[in-house]
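Below you'll find the structure, written out as structure tokens, and then a few comments.
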Amino acid sequence: MPKPKGKAKRPVPPLPRRWAGARWRPVSVGGGLGLAAAAYVGVDYLRQLSPAWHGRLRPALWAVLALAIAARAPFYRRWDAELRAAPRFVAALVFMLAALLCEAISVRFINTVLGLQWHRSTAPLPDTGQWILLALNEKLPQTVVDILRARIIALHHYLMLFIMLAFSALFDCIKGPGLGIGSRYMFTMAVGRLLRTITFLATILPSARPWCAEARYRIPDYPHPWAQKYYAPYASDKMMIWRVMKQDMPFATLQDYPDEYRPDWGLMSFLVDILRPNTGEGPSWYHLLKKSSGGCSDLLYSGHMLVAVLTVMAWTEAYGGWSSIVIWFLVVHSAQREIRERHHYSVDCIVAIYVGMLLWRMTGFLWSARETNRSRRIAKLDEVQNRLFRAAKDSDILEVRSLLSEVELAGQEKKGFSQCIIFTFAAAMIVFTLLFVLLAFTLTNDG
């Protein structure tokens, strides 16, 4: 007797690639963004090998990238999402600039508060990372040592790599909006800079380059009045340290020091005690901050490494692939160079790496590579699930269609801007961003 045939399973159509998982998958899989990044870093490295070829190829590469953006912009389909992300982007930009201003003021303060004599006489801290690199120089082949010493990538390269990543949303290489990932990057940068400022203000560490302060600053030899009272008398004398510990109150008789120079900065005169200006350093507080640069006391943790880690974290999450692995290697190369060239101690680079990674993981609410449309659909389906079952049980086809329509609409982005507004915003955004990038590179060419 033949066996009854089982009920055939209903075929389930495969989901499109874009919706197959919870993460965004780039539309272009040919590695175009990675090749563009490699071309940028490679052409810029020609500065070290052949300045003549660098002078020819760099403008050509920048022109190609700018023309590609201008040609693609009219066909980008998510300008409405970019427009909705613009307020968040502007807020993050203002927050980042405020954090950088606070950091610059703090850098100037810790570099001047103890006086030039302290910078001359205080030895660098022992750094086992520096010892290891020196030992490797003795053991490794000279070719490998030369590669480790090579200045392949710098701060402005990491900034440019992130800008390329954000602009690649135009080509569907990453999930848009590009201003969304830009907002997350700047917000995370601002938080990281504020945490860094609090950290290096808490304890002043000597620089790994003892000659730095004398070469960069024009500051008095003697300490600031605050340091004269609370630090200098108790800096080295064991009995004085013991007494101040017991009394828990400053008691020492202060030495006679020259009076502090106090220029008239109008409304900003409250910064005189913090920035400690000297004669001949410029007419305003802004000139002092421009000269503060990276500072000449050790800044725990490294700001350069924070930028590098945030860039590679953004690249890994948004784009991935072989290019993110290469950038991770470049980050490690940058870290050992920071230690090798004594811009930072090893601890500064190590702390910057894990702080940058943790901060990036914590700010996913601003932008994420995960598909929010799909998540909204699932959330809406959970919300109407009971009503949908009831309508199906009652054979209410109209109600079923209405509920399924609500689920579909929940995953769609809202449309609320005219084409004229979108095109105007697109043109203004591209021009503003390109000008801002050029201005930022020009004003921060000293690091």
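Cβ atoms here come from the backbone N, Cα and C positions, even for glycine.
For the domain 'Sphingomyelin synthase-like' (295-362), the model's average pLDDT works out to 92. According to TrEMBL, the feature domain 'Sphingomyelin synthase-like' maps to 295-362.
What TrEMBL lists as transmembrane segment is 27-47 (among others).
The annotation transmembrane segment is assigned in TrEMBL to 59-77 (among others).
According to TrEMBL, the transmembrane segment annotation covers 89-110 (among others).
Positions annotated as transmembrane segment by TrEMBL: 155-174 (among others).
Among the features that TrEMBL reports, transmembrane segment is placed at 306-331 (among others).
Residues annotated as transmembrane segment in TrEMBL: 351-369 (among others).
The transmembrane segment annotation in TrEMBL covers 420-443 (among others).
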Could you pull out which residues elsewhere in the chain have a CB under 8 Å from any CB of the transmembrane segment (351-369), counting only those six or more residues past its ends?
-> 23-24, 88, 92, 174-175, 180-181, 183-184, 187-188, 191-192, 195, 300-306, 308-310, 313-314, 317-318, 331, 335
By DSSP assignment, list the helix, strand and coil residue numbers for the domain 'Sphingomyelin synthase-like' (295-362), in that order.
-> 53 helix, 1 strand, 14 coil
